[in-house]
Ligand code: HEM
Ligand SMILES: [Cu+2]
């Protein structure tokens, strides 16, 4: 380039300028680095867990070590990777640009959320060295409160703090979306990614405090012996499950709604077509967010709750299935008569739809009370939620990474590396998790260290698949370094996107736009 | 395993062994078929569009279609109707599985504890599962041999579940039924077996170290065999009462108290310390103190396990206060004395 372009990356220099930055774009990158490190750790635990299950009996570790690895894998992946993942990384980076704002509404709060995540993660992570936790990521009482070590306390304290990070980010996004839209950008013209982040933010703000209180009660019981959950102290062990799922069911939508936002962007751009049913997609996000507060009891069909409660929760759960189905139909209808290019991000979007359809359909099985009694807490459930959460969120995350990489760095991510990574992740994923549906049919319970010899072949397939997934992500990571060092210059709009972030330079200037944009139409006007 | 058996939808499920499980399987077949059709419509459509509308030239235009009210109504309404069918069907199956309050022809009290099940029949027959024998001769296996719990075919059986410590869940895949065992509560698991044979019980609520080991075998037999089994057990119980204290202690250790789940008698380490050579020898505690194991120490360890923690072990044991009688403690001590 002839003269050094002025952008947010060279706006200030030095590590300190990063650690104290108030620029949402830089904070997004800091989240990326942090969350990817957590993801690496969670991934290593996943590979170890699967390796242990390669043969029945003891393969590598004792039962206690296995239970701990299973716990850390789940807790890290859920609380430190998939929940913050897309909103914290890409939400931070693109949300303000997509609505034509200079930054988020509360830049200092934004930086503080990042530090909260770091502090929470450090406390949770410290238990790895102090006293390992073996409760599983759900921390069910009374096992967590009376039967296992004190490591549970710092562990949930860390999760509690991470929860606050999530609340603050949500708050920030809600206010930003309401207050900082560019002139002409009505609520019905904001990109679907923003709608998704906005619905997620509502969930984060409303649901996370319940988790926070629950974890505090657990700590109170464990340290002070207050009888809340432990029946020996006069508490109710099932109460914990009610509290926990009151947060954690909405949380599964905190994990997936942002991914759905990404998919809407990718499908529109790579089909070069106006999105089908903009309003339906936008408002179905809100519908999902609303209804998902009323379905927590579907995790407790066999907990001893009344038959009536079970049936009621089953009914409401079915209602969530409808807006979910609507989204899938809309994306596919968007492709109809489109001008489709199968670049790597689009492959990830297609992978998302494939895996998410399987995950969503099996969700309906589980929502049906009579069927769930057989499948609850078996590998069928493990397969279901990995299909929706991992197949959904991680596919979207990879797609988002490659799609917005040029905007973030000014360099193009190698499409070839993206495709190779996709082939490994997509096939590996199915090889890993499809057999688990069958294991669930056969009756293999989840969180098992050892199993009957009849389950061996399917477990071996599953372990083999996990290596493919691991390889796929390593290729993806290699792609990041390769693009940073050797990537081609991107230009402002390499993929022909229509949303606002593609109208500014790559990388964008410190305050996103040289001139505040003014909108005259909707976000996906491919004519 | 036969991969070709995929052709029949429920071929990976264990044989349905109860009246209720056949109904679950019918629902499953409906779910599988309707799910498969939905999958083909969605993903099939997607794949066709990918190929048909592939961008062939750089300036290829797309159609401008923003929405279509009829299509949108149909693809919201039809899934809704199907889901309501699945909901209602699921409910009716669920109602048959639950049968709360219905008395069984045979009633068994089932108590779960880390990591064993105790089955107690009305006439005091008691079965503890798993046993202390290995299930497989594989040296790496950690699974113990399940004990056999016998029930008659064609009768309504009600298990009344509770737990002594943490949550457990009673799951019989062949019955398509499961129910949590909750401390401080009673829940029921009612079924009517229609197939004779042996069916495995698993624990599906994570409960700590040996969660995967909490198995039992339910053996369904015909009425006469069931009566004969009961008679035999009652006779054996009568015999046991004539035994010496050390033998009674051994039965408690391996049986209803479930000590053998955590303590070995051959010196090997399970969860807690082994009892081999315990009596009369020195124990070192986590706080640095030590004591010679005598009657008072063993009694205290049973009633207040957290009073003295043996060095190198977690404080994992819960109190047996209220679950054990004074003479039973004596019998156990007698038994421990024999473990030189
Ligand atoms: C939107 C994407 C979805 C995500 C991210 C998701 C995530 C999850 C997760 C994480 C679990 C397991 C929690 C655990 O016990 O560890 C789960 C279980 C469950 N999901 Fe989903 N799910 C999704 C869609 C659906 C849909 C569409 C339905 C039904 C219409 C559904 C119904 C259920 C039910 C009933 C369970 C409980 C199963 C059991 O424990 O027996 N899910 N889901
Ligand atoms: Cu849920």
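One is the number of the first residue shown, and numbering goes on along the chain from there.
Note that Cβ sites are derived from N, Cα and C of the backbone, with glycine treated the same way.
TrEMBL annotations:
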| type | residues | note |
| --- | --- | --- |
| DOMAIN | A:10-520 | domain 'Cytochrome oxidase subunit I profile' |
| REGION | A:498-527 | region 'Disordered' |
| TRANSMEM | A:29-51 | transmembrane segment |
| TRANSMEM | A:71-99 | transmembrane segment |
| TRANSMEM | A:111-130 | transmembrane segment |
| TRANSMEM | A:150-175 | transmembrane segment |
| TRANSMEM | A:195-219 | transmembrane segment |
| TRANSMEM | A:239-263 | transmembrane segment |
| TRANSMEM | A:275-296 | transmembrane segment |
| TRANSMEM | A:308-332 | transmembrane segment |
| TRANSMEM | A:344-367 | transmembrane segment |
| TRANSMEM | A:379-404 | transmembrane segment |
| TRANSMEM | A:416-444 | transmembrane segment |
| TRANSMEM | A:464-485 | transmembrane segment |
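A contact between the transmembrane segment (A:344-367) and the transmembrane segment (A:416-444) is present, since 3 or more of their C-beta pairs, 6 or more residues apart, lie under 8 Å.
Contact between the transmembrane segment (A:71-99) and the transmembrane segment (A:275-296) is not supported: fewer than 3 Cβ pairs lie under 8 Å, counting only residues 6 or more apart in sequence.
Counting residues 6+ beyond its ends, the transmembrane segment (A:195-219) has Cβ neighbours under 8 Å at 87, 91, 95, 139, 141, 144-145, 152-153, 156-157, 159-160, 163-164, 166-167, 169-174, 177, 226, 228-229, 240, 243-244, 246-248, 250-251, 253-254, 257-262, 264, 281-282, 285-286, 288-289, 292-293 in the same chain.
When Cβ-Cβ distances below 8 Å are used as the criterion, the transmembrane segment (A:239-263) is approached by residues 78, 82-83, 85-87, 90-91, 138-141, 166, 192-197, 199-200, 203-204, 206-208, 210-211, 213-214, 217-218, 228-229, 281, 285, 288-289, 292-293, 295-300, 303, 327, 331, 349, 352-353, 385, 388-389, 392-393, 395-397, 399-400, 403 of the same chain, each at least six residues removed from its ends. Relative to the transmembrane segment (A:464-485), the listed stretch A:29-51 leads the set A:29-51, A:111-130, A:275-296, A:379-404 in CB pairs under 8 A.
Tallying C-beta pairs under 8 angstroms between the transmembrane segment (A:111-130) and each of A:29-51, A:150-175, A:275-296, A:308-332, A:379-404 places A:150-175 first. Using a Cβ-Cβ cut-off under 8 Å and counting only residues 6 or more beyond its ends in the same chain, the transmembrane segment (A:379-404) has close neighbours at 82, 85-86, 89-90, 93-94, 252, 255-256, 258-260, 262-263, 265-266, 269, 343-349, 351-352, 354-356, 358-360, 362-363, 365-366, 413, 415, 418, 421-422, 425-426, 429, 432-434, 436-437, 439-441, 444-446, 476, 479-480, 495, 501. Looking at the domain 'Cytochrome oxidase subunit I profile' (A:10-520) alone, the prediction's average pLDDT is 94.
DSSP labels the residues of the region 'Disordered' (A:498-527) in these numbers: 4 helix, 0 strand, 26 coil.
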